[in-house]
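Residues or ranges marked as [4Fe-4S] cluster binding site by TrEMBL: Cys44, Cys45, Cys110, Cys140. Look at TrEMBL and you will find 44-153 tagged as domain 'NADH:ubiquinone oxidoreductase-like 20kDa subunit'. The transmembrane segment annotation in TrEMBL covers 33-52.
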Amino acid sequence: MDLKPAGGRPALGPLARLAPEPMKIVLNWGRRYSLWVFNFGLACCAIEFIAASMARHDFIRLGVIPFAPGPRQADLMVVSGTVTDKMAPAVKRLYEQMPEPKYVISFGACSNCGGPYWDSYSVTKGVDQIVPVDVYVPGCPPRPEALLQGILTLQQKIADESVPGRYAPPAAGEGGR
């Protein structure tokens, strides 16, 4: 039985599509409060990510487990710092290695839009040109509290999404989510 249709996303069986609403709430609740984070940290924003994961801010209380062993065990990729054009294939490859459902937080001005280096010939003008981004966290560098707010925003987005919609193959002409 092939679980991956042409779009590359796992297919839901007919029974899973008919799951009652309480079951969908439970599935979203489980995903919402068990996010394994893969940090793609490149600069000063990565230091703020580390500060957010320590005891003072403690985002484990939100159900976020920092420092997944690798992208294949992660649900959430946090991209922080300046992404260069030469680094773009590595970011894309790491994103593609993550299992569905996968989420991305762009953390800091450099990963959002290039930051102070936006006019450099080698800087990608935002990580959203490489992978789809779910939440943008502004700042240079953003405070750890801003990352916590971004995680809460992502958790609310996960709670509001429909299970069949998340796993449905992309529509014709649509490249990703």
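Each residue, glycine too, has its Cβ placed from N, Cα and C.
Using a Cβ-Cβ cut-off under 8 Å and counting only residues 6 or more beyond its ends in the same chain, the transmembrane segment (33-52) has close neighbours at 59, 62-68, 70-71, 73-83, 87, 91, 94, 98, 103, 107-108, 110-111, 141-145, 147-148, 151, 154-155. What surrounds the [4Fe-4S] cluster site, by Cβ distance within 8 Å of the Cβ centroid and not counting Cys44, Cys45, Cys110, Cys140, is the set Ala43, Glu48, Ser80, Gly81, Thr82, Gly108, Ala109, Ser111, Gly115, Gly139, Pro141, Pro142 from the same chain.
Minimal Cβ crowding within 10 Å, among the binding-site residues Cys45, Cys110, Cys140, is found at Cys140.
Of all Cβ atoms in the protein chains displayed, 15 besides its own lie within 10 Å of the Cβ of Cys44 ([4Fe-4S] cluster binding site).
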